[in-house]
Ligand SMILES: Nc1ncnc2c1ncn2[C@@H]1O[C@H](COP(=O)(O)OP(=O)(O)OP(=O)(O)O)[C@@H](O)[C@H]1O
């Protein structure tokens with residue numbers, strides 16, 4: 001019997017190589033830094049923004065005294081005596097907080113709310129009975145002299161500057177002058193409504209500019225929908241830094257309804273792709289995923305990539321839903337329900353907050369809502385589930401319903417020329433070669449009847465065939481991942497591959513058999529199809 005003599009050293013077997021790889025991975029490597037894509041990028045400086053006078057609140061002692069007395073007298077007429085009344089002067093309104101005398105029940109005041117409001121109507125007030133968590137009554141009275149809350153000052157605040165939030169938005173100031181800064185990523189989507197001219201467009205700019213001050217172009221992309229074709233056009237300047245668009249599109253800012261439907265579906269595809277990536281990486285959300293990616297624990301060769309946040313902004317939702325109905329409602333609802341974990345967030349605004357626009361489906365999926373002044377109590381209820389927004393005084397005075405609380409805020413103000421300077425400052429810097437490209441979406445209707453005719457094959461047919469044969473794996477999700485396709489298109493490609501005899505029939509949850517075994521066989525088949 002011949003003995004095999006092993007050499008002292010031999011090349012490692014494949015299994016051994018597998019084992020060696022983790023050892024190599026422990027050698028320290030620099031973490032991946034997404035901002036190095038545009039390493040010279042400079043964040044906009046605060047001096048691009050205006051101070052708009054001062055953020056100092058104007059207090060008029062005689063006005064305070066007069067209002068206090070009028071409130072006390074009015075309540076006396078309803079036999080309500082007061083133990084204490086104090087005033088907090090906010091930028092737009094002053095809150096008079098009343099502690100009723102012992103024995104006066106809040107419910108009584110609540111019942112008289114409308115009458116009291118009517119008696120004080122000259123003051124244009126809003127009554128809060130009781131102030132949540134305090135057991136006191138609040139009466140808000142507009143200030144004769146209002147103070148503008150400049151976005152610049154809010155962005156300069158420590159709270160914003162040192163914020164660790166993923167997507168910090170400086171929305172405005174509360175009555176006690178505290179800055180209200182929230183994390184859009186936690187909201188996780190925002191619905192905004194208000195009659196025309198009450199501050200919605202300024203509000204949208206406030207949110208967008210806040211994010212531009214905090215985020216690097218590699219970390220955030222906006223999808224902007226502006227059917228009115230005016231409000232968001234300024235942001236065109238930052239297309240190659242911060243905007244996302246459909247492949248092959250000229251304009252990054254979407255104004256056409258059909259394109260909106262495509263874009264929403266493309267975002268759904270991006271969401272599904274991101275879910276696949278998260279699953280493969282064994283992570284639960286974008287934060288964990290990006291952390292793992294930056295630690296270089298995810299292989300870009302396998303389709304892994306750093307995921308920027310995507311914020312979809314729709315300025316004027318009404319016309320869209322009226323013309324496209326379910327075609328826009330459904331993808332929006334789907335995104336609102338699912339997209340949070342993968343870093344896609346929505347901001348939707350409308351001038352017409354009626355129930356046929358803000359449908360039950362939309363509302364149920366947007367827990368955070370902002371109302372600027374609206375024209376009726378019904379509109380206020382449609383947005384906030386409570387009245388009050390009809391009593392606001394305009395010019396950025398707003399109510400935000402968030403985390404189960406309704407808070408009155410004065411929206412931070414940023415004027416169009418300021419937005420322009422910020423956009424110019426960013427736009428003049430080196431950007432990416434193109435906008436961030438969303439996955440391609442092909443309308444099923446456009447493809448109808450073409451499915452099985454080889455002459456009308458999908459343009460990606462050959463590429464899909466090669467992916468399947470190279471991997472010897474007849475799986476639709478492989479096509480989705482490798483080719484950045486949506487489920488529907490990948491499924492249709494798979495049917496076409498079946499019709500061409502490249503893969504076997506659908507086997508439910510199992511991958512299809514791959515009939516063509518080698519790339520050379522495949523090339524022959526493809527050539528014969530020409
Ligand atoms: N936060 C704010 N602080 C001070 N003034 C404001 C604020 N927001 C809006 N205004 C004033 O109100 C005007 C109208 O605001 P804006 O253009 O945002 O309204 P809008 O609701 O978007 O109107 P439309 O729906 O017609 O576009 C602004 O030009 C500005 O003078």
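The backbone N, Cα and C atoms fix where each Cβ goes, glycine too.
Taken verbatim from TrEMBL:
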type	residues	note
BINDING	194, 195, 196, 197, 198, 199, 200, 201	ATP binding site
DOMAIN	177-381	domain 'FtsK'
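Taking 194, 195, 198, 199, 201 as the candidate binding-site residues, the subset whose CB lies under 6 angstroms from any atom of ligand 1 consists of 194, 198, 199, 201. For the domain 'FtsK' (177-381), the predicted model reports an average pLDDT of 93. Sequence-distant contacts of residue 198 (ATP binding site), defined by Cβ-Cβ distance under 8 angstroms and a gap of at least six in the same chain, are 372, 373, 374, 392, 394, 395, 396, 397. Ranking the binding-site residues 194, 197, 199 by C-beta neighbours within 10 Å puts 194 at the top. Apart from 194, 195, 196, 197, 198, 199, 200, 201, the ATP site neighbourhood in this chain, defined by C-beta within 8 angstroms of the site C-beta centre, holds 351, 372, 373, 394.
A C-beta separation below 8 Å, combined with a sequence spacing of at least six in one chain, links residue 201 (ATP binding site) to 231, 315. Other C-beta atoms found within 10 angstroms of the C-beta of residue 196 (ATP binding site) number 10, with every protein chain shown included.
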